[in-house]
Amino acid sequence: MSGGKYVDSEGHLYTVPIREQGNIYKPNNKAMAEEINEKQVYDAHTKEIDLVNRDPKHLNDDVVKIDFEDVIAEPEGTHSFDGIWKASFTTFTVTKYWFYRLLSALFGIPMALIWGIYFAILSFLHIWAVVPCIKSFLIEIQCISRVYSIYVHTFCDPFFEAVGKIFSNIRINMQKEI
């Protein structure tokens, strides 16, 4: 068994074992592996992150993009002194900026650790517990659904059809008396 490369949906290459008849994931891929042998191989855990655009999927556009004007506003005719307004703006902006950085420095890595563990557990449970339970339930419910279907067609359908025929001949005439 020799090593080969596997290309994921983003175009990154990963090493996979290749057998003479192809690997178990992509049969007969030895020729393909030789074609892409010269390309660079990426590890899924060392992908580059963008330090400029830190919200590429725009998760927080509406939630935390809060500026001074979004929080504090003076209506026309009710204005404080210009110096107070400028100092308030500067104080708000700088305090928000540095306090966020302080909180990020203190709690960012522990929170990332907690959320990483949480989503790892969630992924593990989904892959190894939830999906197999659902598949098992769907397989088991098929025989019950067949029995239920036979019961409904045998007993319930004739009963409700008869009741429907009984009530289908009822006519109601509404007359308004003056």
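Cβ atoms are placed via backbone N, Cα and C, with glycine included.
As recorded in Swiss-Prot, the features of this protein are as follows:
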TOPO_DOM  2-104  topological domain 'Cytoplasmic'
MOD_RES   Ser2  phosphoserine
MOD_RES   Ser2  N-acetylserine
REGION    2-94  region 'Required for homooligomerization'
MOD_RES   Lys5  N6-acetyllysine
CROSSLNK  Lys5  ubiquitin cross-link
MOD_RES   Ser9  phosphoserine
CROSSLNK  Lys26  ubiquitin cross-link
CROSSLNK  Lys30  ubiquitin cross-link
CROSSLNK  Lys39  ubiquitin cross-link
CROSSLNK  Lys47  ubiquitin cross-link
CROSSLNK  Lys57  ubiquitin cross-link
TOPO_DOM  126-178  topological domain 'Cytoplasmic'
LIPID     Cys133  S-palmitoyl cysteine
LIPID     Cys143  S-palmitoyl cysteine
LIPID     Cys156  S-palmitoyl cysteine
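Positions of Swiss-Prot features highlighted on the structure.
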residue: Lys47; record: ubiquitin cross-link; DSSP class: coil
residue: Lys57; record: ubiquitin cross-link; DSSP class: coil
residue: Cys133; record: S-palmitoyl cysteine; DSSP class: helix
residue: Cys143; record: S-palmitoyl cysteine; DSSP class: helix
residue: Cys156; record: S-palmitoyl cysteine; DSSP class: helix
Least surrounded among the recorded sites, given as Lys47, Lys57, when other CB atoms within 10 Å are counted: Lys57
What is the Cβ neighbour count of Cys143 (S-palmitoyl cysteine) at a 10 Å cut-off, with all protein chains included? 9
CA pair Cys156 (S-palmitoyl cysteine) / Lys47 (ubiquitin cross-link), Å rounded to integer, equals 60
Across every protein chain in view, the count of C-beta atoms other than its own within 10 A of the C-beta of Cys156 (S-palmitoyl cysteine) is 10
As a whole number of Å, the Cα atom of Cys143 (S-palmitoyl cysteine) is distant from the Cα atom of Cys133 (S-palmitoyl cysteine) by 16
Could you tell me the C-alpha distance between Lys57 (ubiquitin cross-link) and Lys47 (ubiquitin cross-link) in angstrom, no decimals? 17
